[in-house]
Amino acid sequence: MFRLEARTSTPAWFNLALPLLAIAATLILCSGLIALAGARVVEAYGVMFSASLGDSYAITETLVRATPMIFTGLAVAVAFRAKFWNIGAEGQLLAGAVASCAVGAIPMPGPLAMLLMAVAGAAAGAAVALVPATLRVKFKVDDVVSSLLLNSVIFYALMALIEGPWKDTFSGYPISPPIEDSANFPVLMEGTRLHVGVLAALVAAPLIWFLIARTTLGFRIRVTGENPEAARYGGINVERVLLSTALLSGGLAGLAGVGEVGGVHFQVMSDISPGYGYSGIVVAMLARLNPLGVVPAAIFLAAVMTGAEAMSRATGVPAFLSDVIQGTALLAMLVALLFTAYRIRRVGVAR
Amino acid sequence: MSAPLIEMRGITKSFGAVKANEAVDLSVAPGEILGLLGENGAGKTTLMNVLFGAYAPDAGEILVEGRPVTINSSADALAAGIGMVHQHFHLAPRLSVLENLLIGIPGKSGRIDRAGGLARLAEIGRQHGLTLDPDLPVAALSVGEQQRLEIVKALFRGARLLILDEPTAVLAPTEVDGLFAALRSMAAQGLGIIFISHKLNEVRALTHRCVVLRHGRVAGRVDDPANTTSSEMARLMCGHEIVPPARGPSTPGAAVLTLDGISTSRHSGMALRDVSLFVRAGEILGIAGVSGNGQRALAEVISGVAAPDAGRMTIAGKKVEQFSPRAVQALGLGRIPEDRMTTGLVTNLPLADSMVLPRIGTEAFSRKGLLKPDAIRAFAEAQIKAYDIRCPGPMTRAGALSGGNLQKALLARELAFDPQVLIVSQPTRGLDIGAARFIHEKFLDMRAKGCGIIVIGEDLEELLMLCDRIAVMYEGRIAGTLDSADATIARLGLLMTGAGQTEEAA
Ligand SMILES: Nc1ncnc2c1ncn2[C@@H]1O[C@H](COP(=O)(O)OP(=O)(O)O)[C@@H](O)[C@H]1O
Ligand SMILES: [Mg+2]
């Protein structure tokens, strides 16, 4: 017989071991599905790996895909630290994309355009995140529900925009007019799509880590998340901390949209995000809400996504497997987190 | 005496390097109330968790009515007739009293036997004076009533031995009397009871026999608690003599805290009605009263958490213009909260974070929005050393510390900044004698240094020992204030019931 027993402390190596364990469990669990789809498991995973991390071009593609998830992962990690349950990174990303696209369409010098796109995108994302945070602070509305539902509102607003005023009159497709060429983000490596936004994401992670670990705002976010009552009694304005967290979180999610517009698509269309906002939740959980962990977690998911497409072409396993792997990884991580609080003990059988 | 109901022989249980129990023998006869005494960390809870099946012992055996048994789970324990009321209750807050009672009890053909449950509940209530409204949700019950429900739950499941882990730590003195009456009634019917406490007067009043644990071992047994002195038992618990600190004469200075006609209205509990009081430098003012008579509102107003609707308050001669924890702290107020875990500390973060929490925005711990990690760490380390806080270090999770060490940490974080006024609630609730003694000494030290202290408490003996003056709260007002020279438990008790409040209004 086995039993869960409460732990008093968690060893430090768990921070690394748990995500790795969760990923291993995910790959093992999903191998059953691959086999079911009639492919050889080792071959399928092999194709997945070489297509996503096998050569330098594949690596750049994976990094490009990881970039929006680094931003949304950071957005979710920051929010969840304060226990502001922001499930709305998807909507905030879309808002950031729309705003930066609008700015990028105005002719101006490149560097200025990039800066203003980033500012506008972050501001739009922050404004969207402020809605569920304000509803919670002022009226005690559940932030999970309101931030989640807002995603649909933003998505259909975007659709209305690109089916209406922004519709491409020439082709008739529901896509926005492209941004100015001068506003396209510079590419870091000739012949790849590795744009400046990738670098920005890699720099943002340690910055956000520093903010959480080393600033008074970060301290207040951590304390508010862990025990709002003690925070209030300790002189922290809990409502203000929640609103600041929402601005920060929404801003980061907005930047994910900016990167997609400025560095990848150069315009807005309905499928600009294949759920990067939701993937951010998986990324943040795999990273155990540590901003530094967000980078490898996002790269893992990006590798799964790019790899799954190649695997699908090579072996006929549907590319939907990538979604299954994501979902399984989240569940596996949630189960793994149980072991930070509990250990399994074998006990004798009762007589 | 009849054959023991339960016997534990040679129980040993280690957690890593910590030997929580070592070769402990203990037995309870039917109808007997056994006291299990010991300081915090002596191993009382661990021993009872072994008996209740939460931990498997490393060595030793358990016998129920002379037959050896293996208890691997609470279900096994219940089947063996052992029931336990934990320090932290295990109830479903949204379910009703009756539903909580019936959880896990198979009814007839898979259906819940409501009528049968109601009948048993009424019967247990009648027998032992443990009445409860079956339809009330648990969330609406007071702590005392929740405890009563836990006891009824155990009886309901046919417990013949009832373990109560520090049941009085969460009760007001009046509720303790009710609990004791119920326990005596159960013992009279032949139930065995294990009563855990470190309050010696309670143990002497209630139990038939005592086992005293120290560092996991049996330090002594007391066969006649009623006729054993408290100091003798205290010596068994601590291994040395404990003398209460003496409160020397004081020469109070100017008032450092004044409340003038303070009233509150919007409040979850009892509101304040026209409360006026003062505390001078170098004196300790006690606030006595049955809990729920406005003490919480008073503490919240003074701590700046809630603003009053009327009246004025001064700290160190300056009027409090803005009621916020930060503003009153800046004026020189220190605060040690009643509920260490919920309003004092952040259990999931390192201890150091909790120790700097109220002053994180000050120059001491941050500059221009950037933390000073070295200063924070150094401060925590220094306080851990100065107050002998037992923990592996400043980065330990605060929640891993024992109650006494947490209280020391809270004391350290306030006293390090030399507050002019200190407000504390229930300062030694749940602490053992040694830790309580330490806290009392610190208060008296602060008093000698000219700090004005307000102690809100329910333990009248403690207040009489510590305080220069004692004000009694009744229904949101100050019913009267007594000099400690004139104060007796009887006179305070009278004021606490609302009698004679006009003659001595402060
Ligand atoms: N689950 C646990 N893991 C590690 N150490 C524990 C655990 N439970 C208790 N201890 C340690 O065992 C000792 C006895 O604790 P406990 O039985 O709770 O004492 P008491 O109830 O008498 O205050 C303490 O030193 C405590 O820190
Ligand atoms: Mg205990």
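Positions of Cβ are set from backbone N, Cα and C atoms, glycine also.
Please treat TrEMBL annotations as automatic predictions, because they have not gone through curation.
Residues 44-45, 286-288, 290, 293, 297, 300, 315-318, 321, 324-325, 328-329, 332-333, 335-337, 339-340 of the same chain lie 6+ residues outside the transmembrane segment (A:12-37) yet bring a C-beta within less than 8 angstroms of a C-beta in it. For A:12-37 (among others), the entry in TrEMBL reads transmembrane segment.
Residues or ranges marked as transmembrane segment in TrEMBL: A:57-80 (among others). Long-range contacts of the transmembrane segment (A:57-80) within the same chain, counting only residues at least 6 positions beyond its ends with a Cβ under 8 Å from a Cβ of the stretch, are 50-51, 86, 89-90, 92-93, 125, 129, 189, 191-195, 197-198, 201-202, 204-205, 208, 212, 221, 225, 245-246, 248-253, 255-257, 259-260, 263-264, 273, 276-277, 279-281, 283-284, 287, 289-291, 294-295, 297-299, 301-303, 305-306.
Feature annotation from TrEMBL assigns transmembrane segment to A:87-106 (among others). Nonlocal intrachain contacts for the transmembrane segment (A:87-106), taken as residues 6+ away from its ends with a CB within less than 8 angstroms of a stretch CB, comprise 68, 71-72, 75-76, 113, 116-118, 120-129, 132, 144, 147-148, 150-155, 158, 161, 176-180, 183, 249-250, 253-258, 260-262, 266-268, 272-273, 275-278, 280-281.
According to TrEMBL, the transmembrane segment annotation covers A:112-132 (among others).
What TrEMBL lists as transmembrane segment is A:144-162 (among others).
Nonlocal intrachain contacts for the transmembrane segment (A:194-212), taken as residues 6+ away from its ends with a CB within less than 8 angstroms of a stretch CB, comprise 60, 63-64, 66-67, 70-71, 74, 77-78, 81, 114, 185-188, 218, 221-222, 248, 252, 255, 258-259, 262-264, 290-292, 294-295. The transmembrane segment annotation in TrEMBL covers A:194-212 (among others).
Residues 15, 18-19, 22-23, 48-49, 52-53, 62-63, 65-78, 80-81, 87-94, 151, 201-202, 205-206, 208-209, 212, 253, 256, 260, 322, 325-327, 329-330, 333-334, 337 of the same chain lie 6 or more positions beyond the ends of the transmembrane segment (A:276-304) yet place their CB under 8 Å from a CB of it. Marked as transmembrane segment by TrEMBL: A:276-304 (among others).
TrEMBL lists A:324-342 (among others) with the feature transmembrane segment. With a cut-off of 8 Å between Cβ atoms, the residues of this chain six or more beyond the transmembrane segment (A:324-342) that come close are 4-7, 10, 14, 18-19, 21-23, 25-27, 29-30, 33, 279, 281-282, 285-286, 288, 300-301, 304, 308.
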